[in-house]
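Chemist: Heads up, here are the entries from Swiss-Prot:
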- 1-42: transit peptide (TRANSIT)
- LYS342, ASP347, ASP367, GLU429: Mg(2+) 1 binding site (BINDING)
- ASP347, ASP427, GLU429: Mg(2+) 2 binding site (BINDING)
- LYS354: active site (ACT_SITE)
- ARG431: active site (ACT_SITE)
Amino acid sequence: MATLRVSSLFASSSSSLHSNPSVFTKYQSSPKWAFSFPVTPLCSKRSKRIVHCIAGDTLGLTRPNESDAPKISIGAKDTAVVQWQGDLLAIGATENDMARDENSKFKNPLLQQLDSELNGLLSAASSEEDFSGKSGQSVNLRFPGGRISLVGLGSSASSPTSYHSLGQAAAAAARSSQARNIAVALASTDGLSAESKINSASAIATGVVLGSFEDNRFRSESKKSTLESLDILGLGTGPEIERKIKYAEHVCAGVILGRELVNAPANIVTPAVLAEEAKKIASTYSDVISVNILDAEQCKELKMGAYLAVAAAATENPPYFIHLCFKTPTKERKTKLALVGKGLTFDSGGYNLKVGAGSRIELMKNDMGGAAAVLGAAKALGEIRPSRVEVHFIVAACENMISAEGMRPGDIVTASNGKTIEVNNTDAEGRLTLADALIYACNQGVEKIIDLATLTGAIMVALGPSVAGAFTPNDGLANEVVAAAEASGEKLWRMPMEESYWESMKSGVADMINLGPGNGGAITGALFLKQFVDEKVQWLHLDVAGPVWSDEKKNATGYGVSTLVEWVLRN
């Protein structure tokens, strides 16, 4: 494989480059350095995770392929761009960076220097390709001896999302050219503080790693990523940037776990498999994470009637209630937090069956996207090991199926706090499982709760496929989560908690119904969940129905992991 040495690109000879129900109503209860960047797939032979190791027969006899965990060595270096050697150099450029003088030459010093080394070829080629630095633009240029990728950052590059996109574009260019060694630089770092440079480097690393990941476990044939190393140029060196890139490594590992859990079909990832994955996380980080898995009988003892009613029909795949607890052995006071994830490993809709092309029943494997994010965050925090928090990770895992034992429309179920719910629609099941999960979380003595759920289609009508909706009566908590999301490059928008809508959720025979009659479905869903949270506990609900899945890429995104981890670390 050829190496790219910018200072000799034009002079070097041409060389070829190598081109991832029980209704428990009767149970009333009382109210230059570098380091390796390992990415271990869910099915990795080395990791022996349950999704790969599942022993029993599965529908269709499908079993994931084995794959080795790829490693990317990441280094933050002060090497000048024109002196760097490797296969592919990716440069992030804003529209201002692409400004030219009266002779059509670059005004930007770095691009000017690079163009000079290439005898004007960079300027000519970028003009020919109409590259102007607009967001979403990218052009891959091949020169004698190597490749340069120009990536547009828009009018300015001030957000983690911009740098994620730069890293992803670099990863895509590396994949298409089968590059092994790549570098990423910014055309200009003017106006970036030292802290901003560190955060930018971390975001670029995140983009490259997640952009390089391909979930090929269920393909009969697949190509492995050739990428071996990433150099981040011009953003500084030293222990602070090293720590930040290492942080990105741990978060990416959690995101990839989340993606793999959601991508895996329901005949592979069952409630039992989610429980085993939780056990694996606890085993890996046994000094800071403990695990408690409750089966149906134990949940019945706790009077979790809402959760068990949803699970009743899936007799072949019984429910498992997952509780992980992260706590370091330090004596300092710890803020008690809970992360609660909706864990429907498949949602048929029950007797209110999802029908028609618009129902997207074939994608209901992703109805455990909230649970996947919670488990991904647990994995990441097991590595990061924050000392001032105690975090409870809670998932009420089950399937929503149809059988003679199943929950019926019109049934009345009783949650573990004694509140009764008339089930007017079995396809509004996630909130029933979350009701008992939220009660359980409050019983752990936590101060704050975030729940994540693919709860409603209504949130996608309001915000589209890329933005999560945040619901909370607490302004302070809302600000915390919004700030964490912005720092992580994940999109969410605070939505109103319109209390007057609760009137439409009242039942004539029970305390409430589980689905509102019409518009404002995302709001009424959040108001329903609020009934099961203690008033003294700060609580925020994230409706992530849109961003957990990318229709464009036909893949899970791992949404929520980054925001959850960042929020925990800020407490």
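Each Cβ is built from the backbone N, Cα and C atoms, and glycine gets one as well.
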Chemist: Cα distance, ARG431 (active site) to ASP367 (Mg(2+) 1 binding site), nearest Å?
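Modeler: If we compare the Cα positions of ASP367 (Mg(2+) 1 binding site) and ARG431 (active site), the gap is 12 Å.
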Chemist: Using the Cβ centroid of LYS342, ASP347, ASP367, GLU429 as the reference point for the Mg(2+) 1 site, which residues of the same chain not in that list have Cβ within 8 Å?
Modeler: VAL310, GLY343, LEU344, MET364, MET368, ASN400, GLY430, THR433, ALA453, THR454
Chemist: Within 8 Å of the Cβ centre of ASP347, ASP427, GLU429, which other residues of the chain have their Cβ, at the recorded Mg(2+) 2 site?
Modeler: VAL310, LEU344, SER348, GLY349, GLY350, ASN352, LYS354, ASP367, ASN400, THR426, ALA428, GLY430
Chemist: I need the CA-to-CA distance for ARG431 (active site) versus LYS354 (active site), whole Å please.
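Modeler: Each residue's Cα considered, ARG431 (active site) and LYS354 (active site) end up 17 Å apart.
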Chemist: Hey, how far is ASP347 (Mg(2+) 1 binding site) from ASP427 (Mg(2+) 2 binding site), Cα to Cα, in Å?
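Modeler: Distance between the two Cα atoms comes out at 8 Å.
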Chemist: Have a look at the binding-site residues LYS342, ASP427, GLU429 and say which one has the shortest Cα distance to LYS354 (active site).
Modeler: ASP427
Chemist: From the Cα of LYS342 (Mg(2+) 1 binding site) across to the Cα of ASP427 (Mg(2+) 2 binding site), what is the distance in angstrom?
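Modeler: With the alpha carbons as reference points, the distance is 14 Å.
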Chemist: What's the most sparsely packed of the recorded positions LYS342, LYS354, ARG431, counting other C-beta atoms within 10 A?
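Modeler: Sparsest of the recorded positions LYS342, LYS354, ARG431 by Cβ contacts within 10 Å: LYS354.
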Chemist: So among the binding-site residues ASP347, ASP367, ASP427, GLU429, who's got the most Cβ atoms within 10 Å?
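Modeler: When each Cβ's neighbours within 10 Å are tallied, GLU429 tops the list.
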Chemist: For LYS354 (active site), which of the three DSSP-derived states applies: helix, strand, or coil?
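Modeler: The residue in question, LYS354 (active site), is coil (DSSP, three-state).
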